[in-house]
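Per TrEMBL, the features are as follows:
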type: REGION; residues: 19-45; note: region 'Disordered'
type: REGION; residues: 82-120; note: region 'Disordered'
type: COMPBIAS; residues: 86-100; note: compositional bias 'Basic residues'
type: COMPBIAS; residues: 110-120; note: compositional bias 'Basic and acidic residues'
Amino acid sequence: RFDADGNFIRKAVDPDAQHDKWLDGVSKKEMKKAAEAHERREAEARRLRMENDSLLTTDILKSLILKLDKGETPLEALARLGKGQAKQKKIPKWKLKKQKGGAEGMDVDQAEKAEDPEQKRIREAIAAITDAADKLLSRDRAEIYDEERE
C-alpha cells in the first residue's frame, strides 16, 4: 500500500478486507475439491456435446433443405409458413365472463376443436426449420438464416 505522499507502507491494513470475509472458512483443500468437481462437470458437458454432435452437419442441412422451396432462405420459409398459420383470436377476460353469464364457478376447459391437419403440418415444419437452424447456428453457421436453397 502507498500513503498520500507516495510512500510504501509494508504492513498496511487492507480497507477492503471486510468484503473478503466470505472466504474465511475456505481452505485450499476445499478449493481443490471444487476445481475437481468443476472439471468432472466440464468433462460430462463435453461428452454430452460429443453425443449431440453425432448428428452430422450434412444430415441437419438435409432435413432443413427438405422443408425449403428452391431459392428460399429459412427466414423466408418461416415467413411463408407463418402467413398460412391460423391466428387465434384473443378474447378479453371480461368478454368471456359476460358470455358465461357472470357465473362465478370454476372455469371448465373447453374441449378443443379437432386440429386441422394442415395447421399441424405447418406447425411441424416451422419446428423442424427452427430446430435445424438452431443446431447449425450452434455449429458456427451464423449466416444460416440467409443461405438460400440451391
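Using the three backbone atoms N, Cα and C, a Cβ is placed for every residue, glycine included.
TrEMBL does not curate its annotations; it predicts them automatically.
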When the compositional bias 'Basic residues' (86-100) is classified with DSSP, how many of its residues are helical, how many are strand and how many are coil?
-> 7 helix, 0 strand, 8 coil
For the region 'Disordered' (19-45), the number of residues DSSP places in helix, strand and coil | 23 helix, 0 strand, 4 coil
